[in-house]
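> Copied straight from TrEMBL:
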type     : residues                           : note
ACT_SITE : 26                                 : active site, tele-phosphohistidine intermediate
ACT_SITE : 101                                : active site, proton donor/acceptor
BINDING  : 25, 26, 27, 28, 29, 30, 31, 32, 76 : substrate binding site
């Protein structure tokens, strides 16, 4: 996607026939740092999470114009989205509960490594290979999560054709979207590996083609440390309209840190 300068020097994206959506995982919380399962619990960002969010916000502020910022209505996502929205022209954050993390039922608030001991029934349900298995205590199944988050992204894409928007959400949502496009690939890779940017366009869910002109122009961000880097995981995804046109491109920006191997 080519960009052009306006008369006042502002960088503007060229018009295109799809919505370009940058999907950002929220910054780190104390629950993340201590390994607790968050689900729908309200937990704010810790100091590291705020710093990482500011780093992403600064980077996005240098990109062609962001038209809108959407966010899960959970505090950790809203805090991240607010930092980004402020840096991208003072936009209002649009809250959408469909972007929430997977509800983890009775496992919420439990340290993940202790879940099998504390609540074996809920833990067994959470790791079940059945995508229709709900977690006891009001928890969602994988299919329930996938349906709500993919439908939400499609609504956003339909509304913002020809625009670039930011969506701040959660790791579970990103895994669900990843699995929608890569059903035979382990989604945990999305959260563990640093990728250099690849510009990929999906004509439909899971159907990959390459288009270096019309995809997101987010380059790899320079690293300041040899041992710790901001993990900007990049993938692209879109869905097809009834007329067969591509309307969504997604670029993942992951706000966790990982060791360089």
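Yeah, the Cβs are placed from backbone N, Cα and C, and that goes for glycine too.
Automatic, uncurated: that is what TrEMBL annotation is.
Source: prediction; values computed, not measured.
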> List nothing but the one residue from 25, 26, 76 whose Cβ has the fewest other Cβ atoms within 10 Å; the candidates are the recorded positions.
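Result for the recorded positions 25, 26, 76: minimum number of other Cβ atoms within 10 Å at 25.
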> Quick check for the class: what is the C-alpha distance, in angstrom and rounded, between residue 31 (substrate binding site) and the residue listed as 'active site, proton donor/acceptor'?
14
> Could you measure between residue 29 (substrate binding site) and residue 101 (active site, proton donor/acceptor) for me? Cα positions, answer in whole angstrom.
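So the Cα of residue 101 (active site, proton donor/acceptor) lies 14 Å away from that of residue 29 (substrate binding site).
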> What does the structure give for the C-alpha distance between the residue listed as 'active site, proton donor/acceptor' and residue 27 (substrate binding site)? Integer Å is fine.
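Their Cα atoms are separated by 14 Å.
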> Once the DSSP letters are reduced so that anything not helix or strand counts as coil, what is residue 27 (substrate binding site)?
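Going by the DSSP assignment, residue 27 (substrate binding site) belongs to neither helix nor strand, so it counts as coil.
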> Of 29, 101, the recorded positions given in the record, which has the fewest other CB atoms within 10 A of its CB?
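Minimum Cβ neighbour count within 10 Å, taken over the recorded positions 29, 101, occurs at 29.
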> If you count, for each of the binding-site residues 27, 31, the other Cβ atoms lying within 10 Å of its Cβ, which residue has the minimum?
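Comparing Cβ neighbours within 10 Å for the binding-site residues 27, 31, 31 has the fewest.
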